[in-house]
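Student: Provided herewith is a single structure, encoded as structure tokens, for subsequent inquiry.
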Amino acid sequence: MDVLYSLAKTLKDARARIVEGTLYTNVADIVQQVNQVINSINGSTFQTGGIGNLPIRNWTFDFGTLGTTLLNLDANYVENARTTIDYFIDFVDSVCVDEIVRESQRNGIAPQSDSLRQLSNAKYKRINYDNESEYIENWNLQNRRQRTGYLLHKPNILPYNNSFTLTRSQPAHDNVCGTIWLNNGSEIEIAGFDSECALNAPGNIQEFEHVVPMRRVLNNATVSLLPYAPRLTQRAVIPTADGLNTWLFNPIILRPNNVQVEFLLNGQVITNYQARYGILAARNFDSIRISFQLVRPPNMTPGVAALFPVAAPFPNHATVGLTLKIESASCESVLSDANEPYLSIVTGLRQEYAIPVGPVFPAGMNWTELLNNYSASREDNLQRIFTAASIRSMIIK
């Protein structure tokens, strides 16, 4: 994989720098690097494809090295160089695609395509440019079973989950109390509601709690916490728990009280925040526990009192909510996030070439299903194919 990255980096730089009119001395270093690539691969043959609808392609290498000149690069020089560079770029692209569409239950971090396995041969180790890519560094570490670390912006660590639970429900469904939530990607919205507005709760205080397990441990996270849950606090028709009826959710928004957010690791509280909104920091955690209260206003104007009667029917739902967003974090496991298109690249290629469902990934690379069952095998394969996708993205920009 590191050889493939070095090839891509060299070819990307060569394509950008070897242009007509450039003084040769300004590009002599990259020309020599390209010549090293040519000398290393000349005489080799490779084959890519042959899975799903991905066509088989045979690659042969017999190129002359790029020459030197005391003058500026002319059109003929650049045209000859581009012919060589473009062929090599097509080859690297095909190797990346061939790697992205393959998976294995055992040792999924290792190259799975014949072409990438062949590039692991010692003769190609002379190809060396710059292996400082975060993905290459982590791939090498994971390959040696050492700790890795990815910096993530809005990590997609939460599987989609939109549901509710009722702690009180009368048969007519006009007097309910419970919580409703939406978890997805890096964001949690949670709302607690009570038709009675805590009228019969102890001390006129209704308490709510929501626990969200992570699928991986996050470290050094920056988190934002805001009152209200705008996606959840709108009028809606909601099915009953048994699915046999529906009820009208008609929220009236109040501000939550006694808000507490706990970040836990293996069941132990690591970081705890009380009555604090805005930007929070969490050292390391694998679950989040959010608790808050709905307090019935002790004093209400006639207009407000009419919203929350003291006897049935109860036409409205007093509602308090919170929104928590994981803005950034580090993780030892590779995840998709807001900064990188690699999940889209991988999914698109597997769909384009009708790659059959294998033993590791779910159909269509369904991210929610993948996270819900994020095994060691999936982690290894995902790290490998995301690394290949990161290399491919360098040369197709």
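In case you wondered, yes, glycine gets a Cβ from its N, Cα and C as well.
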Student: Quick check on the annotations: Swiss-Prot lists region 'Interaction with the inner capsid protein VP2' for one of 62-73, 74-85, 266-277. Which range is it?
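Tutor: Going through 62-73, 74-85, 266-277 one by one, Swiss-Prot gives region 'Interaction with the inner capsid protein VP2' for 62-73.
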Student: For the region 'Interaction with the inner capsid protein VP2' (62-73), find every same-chain residue at least 6 residues outside the stretch whose CB is under 8 Å from a CB in it, and list them.
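Tutor: Distal contacts: 18-24, 27-28, 31, 34-35, 38-39, 42-43, 80-81, 84, 87.
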Student: Take the region 'Interaction with the inner capsid protein VP2' (62-73) and count its residues per DSSP category (helix H/G/I, strand E/B, coil), listing them in that order.
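Tutor: Residue counts for the region 'Interaction with the inner capsid protein VP2' (62-73) by secondary structure: 0 helix, 1 strand, 11 coil.
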Student: Could you check what DSSP calls Asn266 (Ca(2+) binding site) once collapsed to helix, strand or coil?
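Tutor: For Asn266 (Ca(2+) binding site) - judged by DSSP and reduced to three states - the answer is coil.
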Student: So if I draw a 10 Å sphere around the Cβ of His153 (Zn(2+) binding site), how many other Cβ atoms end up inside it?
Tutor: 14
